[in-house]
Each structure stands twice: as C-alpha cells, then as structure tokens.
Amino acid sequence: MRTEWVAKRRGQVNVSQMHYARQGVITEEMHYVAQRENLPTDLIRDEVARGRMIIPANINHTNLEPMAIGIASKCKVNANIGASPNSSNLQEEVDKLNLAVKYGADTVMDLSTGGGNLDEIRTAIIKASPVPIGTVPVYQALESVHGTIENLTADDFLHIIEKHAQQGVDYQTIHAGILIEHLPLVRNRITGIVSRGGGILARWMLHHHKQNPLYTHFQDIIEIFKRYDVSFSLGDSLRPGCTHDASDEAQLAELKTLGQLTRKAWEDDVQVMVEGPGHVPMDQIEFNVRKQMEECSEAPFYVLGPLVTDIAPGYDHITSAIGAAMAGWYGTAMLCYVTPKEHLGLPNAEDVRNGLIAYKIAAHAADIARHRPGARDRDDELSKARYNFDWNRQFELSLDPERAKEYHDETLPADIYKTAEFCSMCGPKFCPMQTKVDADALTELEKFLAKEPVTQS
C-alpha cells in the first residue's frame, strides 16, 4: 500500500512524519489518517507538527495501514504478543497477531525474548501486520550477550535498535529515562523495579557505576530513527508495580527526564509518545495523566492499564480496564491491554481475545466521554437493533460478535429465535422492550394529561 508513497522519500536525511508536517507537507499517511479519524487533514498535520499526535509508520513497513495516536484522535489499544524461552514459537505469534488484529488491536508489540530466532519472528510479524509494530530492543540486546547484562555495551544496544528499524519496526520502547541517580529512590517500594527493560538497565548501572547508555547515546538513537521514521515510545522503567508505589518520587523523577528527552527528540523532528503506569489507585489517575501532559509537553501518553487494585490475579484485564477507561477519559492517547494472565504467565489466544475486548470497551467508553466525532454512533445503532429485536444486527455491531451470538445461542439456538421478541433472561411474557409506545398513543396521552389530573389508585 505504501510502496509508492515512501519511494520518493528514501535516501533523505529525515523521513519522519513530524519532519514533513513541520514543513507544511500533508503526507499520504496524514490524508489516510484524516479519513480514518473523520478529522480535517490540516488538523492532523498540525497535531503531528506540534507533537501531540504521532503516526508510527516506518518507511520499510510498506503494508502498513497508517493510524494516529494522539489526544485529538480516537483512543487506541495496543496488544502485546511475543515468544518466550519457555513458551510459543513463530507460527503461534503470527496467529496471535492475526487474532489481535481481528479483535481490534490498533498496534501490536512483539515482546519476544526467546522461543526461536528473534529476527525471523519479528520479520514474519511485520510482514503479516497491517497495524504498527512496536518492540523493546533491550530484550534482543540482552539475548545477544547470552543473558549476561554486565557484558552489554552501548554499541550492542545501538546495533539492535538499528536492526529493528531496518526491519520495519514502527516504534521502539527506549528505556532512556531511568538514570543512575534515580535508583536509590526505589528503596521504600514494595515491588521495586517491575519493568523488564528498566531492570536490565538498572542492573547494568549498579554493576558499572555508570550512567544509562541509552541516555548518554540518545542522540545516536535519534539519528537512527530519523532515517527510518521510527517513533520513540519512551519507556517508564520506574513505573509502579503496585498501588502502594504509585506516584512516588522515583516514578516522577523519571517522568521529568522523559519530558526532557521528548523535547530533545522533537528538536530533530522525531515522533515521540511516552509510556506510563502501571498500578495506580483510581483517585490518582487524573493526577498522573495531567502530570505527564505537563512534564512531556502534551506528547501522547501510552499507559499499561493502570490496574486500580492488586488483589485479582486472573482478572487483571478487569482491574486494569477500569483504570484504562478513566485514563482514556482524562486524555491518554493509547492503552496497552492487560490479559487475565498478567502476573501469572504467558497469554494464550483466548487471553489475548479477552484482554483486547476489555480494552476496546475502555477505549470506546473514553471516546464517548470525550465527545469524539461519531463515537456514540455504533452504540445508538446497536440500541435501535436491540429495541427492534434484530438479533443478527446486534451481533454484527458488537465488539465481539462471535461471543455475543455464542451466549445468546446457549439457551435459544434455533434460527427462529433470531426473530423472537425476547431472550432467555425475561422470556416471552416479561420483556419490557415489547412495550412499543407509538407516537399517536403518546400524543393522545399528552392531551389527556393536559385536561385531567392523574388519580392515584
């Protein structure tokens, strides 16, 4: 789809969407996004130029269908997939990708740490994906030194980062915000450092007593990202891993650094979004969103959850979707899904489905609350179908049509019940939606009420 679009850009020093937007150019990707979002093309260009919106679109991911992440666009959902040393393989990950796209993932992150050749897995995922692909290059950097963190060098990180860019990765989580001076701030936490990438960098700094190499070589990463139009997803290495640790000094110190790095990337017209927590009580979610906007100059916020309680292993797609809906309402641009397997194991296909649907609900609820154009249209159409007992239309409009039909058909499977004016909840005699009050009847009632006082029986 994008082969012709990007052909004329190849070889230029900077091919980022932000670079073109700041020159006043409306790219084909911006036109495409404007149509998808039902927004003016000028607004898309201006938001990208300002840094409040990103269009993650590596020039080597030519089968990508461009999308936007930003406060002016619909709230988006990311799904994580990835093989581990103990579970999964290439085909399973491609199957998970296809499932994630089927159930509405706007982007997908490949978090593979093992399970085969990581380059082959990543290449297969990018080739198969119409949505932006994100990665965490620190994972493969660690694999390249056989898991010995102390042996990692800045060149190891940069080599893997460029490899991912060359392969077509659209955005990369870069854990450049955790600094050596931040590490003592986690002393009073219950769960310490829960970011895998952050933990790797922390151990490296503790061993070498040197500054984070991703921070000291941040300009080198910018130069790579300019050449391929890779977007930064600035990792929150010190995100809270439990509600006790939320909004603490460590988290906020790193957030301030992430704001500085955001503005540094913008100096070279490189797109940025900023990752956020995590585990946050409901009463602190608005503060966290507002604080990110303040520190990071309104760069798009991308949060994991947040989980609003820590006591529901097996149900963390619910505990986190509650926080995600609130975060989206307050202005978070993208929500990273959490599956029922969070904290327990690697998610399977059914976990991916359940996590995604929970987060599509959260994102859609946020869009309605923020009065985004057309956000409630689908709700209204489904409500009309429900009132008219148009069961097949209800299924069609559902976020998960197969599940809706499956639940209906558990008790009323025959085709005749697809036109029935009841379901198994109320049966044929008690459904209140059978009470159809037409306009003429209401007009007559209004005339009566205007003339006669209502008597109490």
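Every residue, even glycine, has its Cβ placed from backbone N, Cα and C.
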Of H159, H164, H175, H343, which does Swiss-Prot put in the substrate site with N80, M109, Y139, S195, R196, G197, D236, S237, L238, R239, E275, Y302? H175
Cα of Y302 (substrate binding site) to Cα of H343 (Zn(2+) binding site): how many Å, rounded? 20
C431 ([4Fe-4S] cluster binding site) sits from S237 (substrate binding site) (Cα to Cα, rounded, in Å) at a distance of 52
Which of the three DSSP states, helix, strand or coil, fits H343 (Zn(2+) binding site)? coil
May I ask for the distance between H279 (Zn(2+) binding site) and C423 ([4Fe-4S] cluster binding site), taken between their Cα atoms and rounded to an integer number of Å? 39
DSSP three-state call for N80 (substrate binding site): helix, strand or coil? strand
